[in-house]
Each structure stands twice: as C-alpha cells, then as structure tokens.
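The structure appears right after this line, and notes come after that.
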Amino acid sequence: MTIALGKFTKEENDLFDIMDDWLRRDRFVFVGWSGLLLFPCAYFALGGWFTGTTFVTSWYTHGLASSYLEGCNFLTAAVSTPANSLAHSLLLLWGPEAQGDLTRWCQLGGLWTFVALHGAFGLIGFMLRQFELARSVQLRPYNAIAFSGPIAVFVSVFLIYPLGQSGWFFAPSFGVAAIFRFILFFQGFHNWTLNPFHMMGVAGVLGAALLCAIHGATVENTLFEDGDGANTFRAFNPTQAEETYSMVTANRFWSQIFGVAFSNKRWLHFFMLFVPVTGLWMSALGVVGLALNLRAYDFVSQEIRAAEDPEFETFYTKNILLNEGIRAWMAAQDQPHENLIFPEEVLPRGNAL
C-alpha cells in the first residue's frame, strides 16, 4: 500500500486560482470576489437612477412629471414606481409587459424595479466586500455586521413593504420629494410615528448621533503628545507610535459630569455600534409589520371620549384627525386610477371647527 505525504497540489494553471489571484490582488481599488456582485449592480442601479431622473416621465404610472426633461429639479425628480395595475411584476425588459420595447418599459415603470433590485444586490455586495477585506487582513467582521442595518431598512422599505401591499406602486419612488410623500403616506395610513418600532429606530439613530458627537469631542479634548503637553495640532502627527488620547482623563471628566463613565474602550465602541444598528434593525422589523398592516398603538378610549365630548381633545386625538385628513386628501391625489371622490362633509375637522 502506498501512502502519499504532503498536500494535494492542483495544476498551476487552475482557473479558480488565476481568478482568485487577480481579483484579490493588492491594488488601489480592491476588487475581490464580492466586486463581481458589487460593481455591476452599483453601476446599473446608479445608471438607471440617473437615466430615469433625467429623461423618464411618470405620467403613465402616477400622472406626474418626474424628470429634468419635464422641468423637475434635483429635489423633485424621481424614478417612480410602476402602476398599481402591474402588481408585483418584475417588469423585465423582455417580459410580457414591455416585450423588448425600451420606451414602453420605461413608461411602465421598469426602471424602478431595475434600480430597486440592482440596488439591493449592490448593497449586499458592499457588505460582502467588507467581510472579504476583513478576512484578508485578519479583522473581525463588525463593519459588515453594522452595514446590515442599512441593508435591512432598504430591503424592508423598498421590497418587503410593497410585497405585502397590492403592488410595487406603494413602495417609495427613488427621489427626494418622492420619499417625503412616502413618509406622509406612512403616517396617514399606518400612524407610523406612534409605532414602537419607529420609536426604537429614532432612539437608535439620534442616540448614535449623540454618542458620535460626544465621543469625537472627548477624544479631541484629551489628545496629547508625549513631551509637548496638551497641544491639539501636534497630536495629529501620524508618526507618533503611542496612543494619542487619554482614556483615563476622559473617564474622570465624564464621571464628574454624569456620575458614570465608560472605563473600557471595547465596551464603549461596542455600545456605539450596538445603538444605531439595533435601531435600524428595529425600524426594519416595524416596516415588515406594516407590510402586513399591523397597527400601531391605539388609544380607543380617548377617541371615543373625544367623539362624545366636544371639549375633550388630546394631542393623540388631534393626530388621529390629521391622519384621517391625510388619507382623505392623499388617496384621491395619490391613486388617481381609483377615481376616489370624497364629499366635503366627510373630510375630517377638529372639534374646534
């Protein structure tokens, strides 16, 4: 019996090894295996968005002008969602709707599904890029884990929410004013601001901004350079080998301010990671709930009392009336294909009126 010792060696010209060597080579812009997903998808998503906002109308899907060619500016231009009648069709260029006609495909809203799907895979490719680079230089993968927060929000808002509704029509269009319209829609039809998952998301994002500002200011406050005292600008010298700020001084400062302070850098920075990412995850979970039409908090007793007593009104009941107003006024404007008509007497008014 023959026993072979050592590693099994492949042929030198193995195609996988050649590709791996080229993709992961040290260059100015790292490509990597993740780049095979990231770069094409990012290119097509951005290219589709610039094309749509420059040339493509939303007249056939929303009855709106949405391109620079029609007179919109950066804040009002958008790549709009497909018509409600198209439901959840992928709207492939070669599909039964467009039948290979590029003009018809753009008119039907095909660019929206094109941008949304390529954008989602582009974001996933960027997260995989962070995993791949972290593995290459032997780092932990927390950057990629952190980036899962924005991905979760994007996928939940642009893909899962409209999948739970009647079609892509109810997703946000890709534009600044279009996103604002979608926020108003979320408030009017889902009372989103009173949703506990939205509250957790706001706490996470604003809390992270506060932590970031405090952390940056504290590090700047305690910069030092050995032998030169507290000289902020000399401490920026990148050739200094030692640590450039004093954790001990920072701890003493915040202990006096709040009575408590972080004494461990790892816990401090994990907390700065945990707060925003958890907030984004919670927001994404909330939007998934809205896709299923789960309700936010309802304080029915206040609504009943406000209906019975003209002198009783709370900020909650006023907001509920505002939501009714948004629904009544917005539905007719936002869904012209439904031919909704609300007579004046059914439009909501506050108790003062």
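For all residues, glycine too, the Cβ spot is worked out from N, Cα and C.
If you check Swiss-Prot, you get these features:
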MOD_RES   Thr2  N-acetylthreonine
MOD_RES   Thr2  phosphothreonine
TRANSMEM  41-61  transmembrane segment
BINDING   His118  chlorophyll a ChlzD2 binding site
TRANSMEM  125-141  transmembrane segment
BINDING   Gln130, Asn143  pheophytin a binding site
TRANSMEM  153-166  transmembrane segment
BINDING   His198  chlorophyll a PD2 binding site
TRANSMEM  208-228  transmembrane segment
BINDING   His215, Phe262  plastoquinone binding site
BINDING   His215, His269  Fe cation binding site
TRANSMEM  279-295  transmembrane segment
**Message:** Assess whether the transmembrane segment (153-166) lies in contact with the transmembrane segment (41-61), where contact requires at least three Cβ pairs under 8 Å among residues 6 or more apart in sequence.
**Reply:** no
**Request:** Rounded to the nearest Å, what's the C-alpha distance separating Asn143 (pheophytin a binding site) and His269 (Fe cation binding site)? Just drop the number here, would you?
**Result:** 12
**Complete:** Rounded Cα distance, in Å, between the residue listed as 'chlorophyll a PD2 binding site' and the residue listed as 'chlorophyll a ChlzD2 binding site' is 27
**Message:** Please report the distance from the Cα of His269 (Fe cation binding site) to the Cα of His215 (plastoquinone binding site), rounded to the nearest angstrom.
**Reply:** 9
**Request:** Please report the number of other Cβ atoms within 10 Å of the Cβ of His269 (Fe cation binding site).
**Result:** 14
**Request:** Fill in the CA-CA distance, His118 (chlorophyll a ChlzD2 binding site) to Gln130 (pheophytin a binding site), as an integer in Å.
**Result:** 18
**Item:** Pairwise CA distance, Phe262 (plastoquinone binding site) versus Gln130 (pheophytin a binding site), rounded so that it is a whole Å
**Value:** 28
**Request:** With an 8 Å cut-off on Cβ-Cβ distance and a minimum sequence separation of at least 6, pull the same-chain contacts of His215 (plastoquinone binding site), or say none.
**Result:** Leu268, Met272
**Asked** Which of the three DSSP-derived classes (helix, strand, coil) applies to Gln130 (pheophytin a binding site)?
**Response** helix
**Request:** Return the residues near Gln130 (pheophytin a binding site), defined as same-chain residues 6+ apart in sequence whose C-beta is under 8 angstroms from its C-beta, sorted by sequence, else 'none'.
**Result:** Pro141, Asn143, Ala144, Phe147
**Cβ atoms near Asn143 (pheophytin a binding site) (within 10 Å, other residues, all chains)** = 15
**Item:** Protein Cβ atoms within 10 Å of Phe262 (plastoquinone binding site), excluding its own
**Value:** 18
